[in-house]
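Let me begin by presenting the structure, written as structure tokens, before commenting on it.
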Amino acid sequence: MTKPVLQDGETVVCQGTHAAIASELQAIAPEVAQSLAEFFAVLADPNRLRLLSLLARSELCVGDLAQAIGVSESAVSHQLRSLRNLRLVSYRKQGRHVYYQLQDHHIVALYQNALDHLQECR
């Protein structure tokens, strides 16, 4: 017996009740979902992703980051502020220079996993 194939716009209505299954399922809390949405919204900017790609390799100052992605230091500082607010990057001051690095290994893993996924889908 073959499974039916759905055409665009078709839906399937489940037969029977699924109360037992549904009672065991639990979605994340609304406030957690909101935090995740804000997190991914910050990552939705191409220049921020380019900055993360550079910081995944090395600690860099604002001037180096600006030159590497071809935007002003002011624009880089603005993007870094958004990343810093979500604790994706941290910084240290050395004299007049401020050096940025990714906050922790979770950010590197998230970035690398997303890249791997995109390459597998090609």
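Counting starts with 1 at the first residue shown.
Just so it is clear, glycine is given a Cβ too, placed from its N, Cα and C backbone atoms.
Under DSSP, residues within the domain 'HTH arsR-type' (28-122) fall into helix, strand and coil as 60 helix, 14 strand, 21 coil. Per Swiss-Prot, the feature domain 'HTH arsR-type' maps to 28-122; the stated evidence is sequence analysis.
Distant neighbours of the DNA-binding region (62-81): 45, 47-48, 50-51, 54-55, 89, 91, 97-98, 100; these residues of the same chain sit at least 6 beyond its ends, with a Cβ under 8 Å from one of its Cβ atoms. The DNA-binding region annotation in Swiss-Prot covers 62-81.
Annotation comment: Swiss-Prot describes Asp104, His106 as Zn(2+) 1 binding site. A sphere of 10 angstroms centred on the C-beta of His106 (Zn(2+) 1 binding site) encloses 10 other C-beta atoms.
According to Swiss-Prot, the feature Zn(2+) 2 binding site maps to His117, Glu120. Around the Cβ of His117 (Zn(2+) 2 binding site), a 10 Å sphere holds 9 further Cβ atoms from the protein chains shown.
His117 (Zn(2+) 2 binding site) sits 21 Å from Asp104 (Zn(2+) 1 binding site), counting Cα to Cα. Taking each of the binding-site residues Asp104, Glu120 in turn and counting other Cβ atoms within 10 Å of its Cβ gives the largest count for Asp104.
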